[in-house]
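Reading through the C-alpha cells given below for one structure.
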Amino acid sequence: MASGAGEWSTAQMDDYETLISTTDVELLKRAWRNEKAAPEILPFEEALVKRAKEQIQLMEETVDEFAESGHDPLIASLYQMDLDRAQFLLRSYLRVRLQKIEKLMFYIWKSDTYHHRLSTEEEKFAERCIRDIGKHLEETVLSKLPDNYQSLLKQSIISEEDDMVPEPQLDAFVVAKCQRATRPLFLDGSRQSAGFDNRDDHFQMVPGDLCILRYRPFQEELMSGNISLV
C-alpha cells in the first residue's frame, strides 16, 4: 500500500527544510548570481523584488528608530549592515538586467519569449533605448550609406535575417550547482522521458554537484530552480 499523504520521503523533507531556511535575501542573491551568469535575460522576479523593497523600507525605518532612540550603536550598525547588503543585492540585480537589455535590446524586443520576461519599467527602458539608438544611428551613419545598407537590423537589403542583431550565446559554458536532482537530459539538449537508453552522452546532476557545462541543455533546469549558477 502506498504511503499516506502525511509521510514524506527524506528528499522531500530536505527540500522543505531548505525552503523554510531560505530568506528573501538569499533568494535575491541567487537571482542576482543566476542573472549575472546566464547568457540570456531571465524572467523578472517580480514578487521577490516587491518583497525585497518592502523589507528594505522596513529595515530603513528600524535603523532610523534605533538611531533616534539611542539604542546600542553596535546593534544599530548590525541592522545597517543588513540594510546595506539587501540594497546592494537589489540594485545589482536590477543593474545586471538593464545591462543585458542594452546589449540585447533588439533581439529581446522582437522575441515574444524574452519580451514577456521584462518588467513594466524594463519594457519602457528597452523601448526608449531602441528609439534613441535608432534615431542616433539614422542621423549619424545610416542616412549617409547607400539605400541598400540603411537597415538598422540587417547588413544589407538582401539579407534574409536580422544579421546585425546580437543574440544570447546559449551554448556558452557556465558553472552550475545542483539544488534538486535534474531530469535525465542529453548534452545535445534533447529530452529523455522514459529512462536512459544505451547512449552514453546523457547527463544528470544530484544535489550538491558543481559542474561546468553548456547552458542550453540545462536551460529549463535553471528556470525550474533545479540548478543555480555561480
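Backbone N, Cα and C define each Cβ position, glycine as well.
Annotated features, as they stand in TrEMBL:
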DOMAIN    74-133  domain 'GINS subunit'
DOMAIN    168-230  domain 'DNA replication complex GINS protein SLD5 C-terminal'
Mean per-residue pLDDT in the domain 'DNA replication complex GINS protein SLD5 C-terminal' (168-230) works out to 81
Looking only at the domain 'GINS subunit' (74-133), how are its residues distributed among DSSP helix, strand and coil? 55 helix, 0 strand, 5 coil
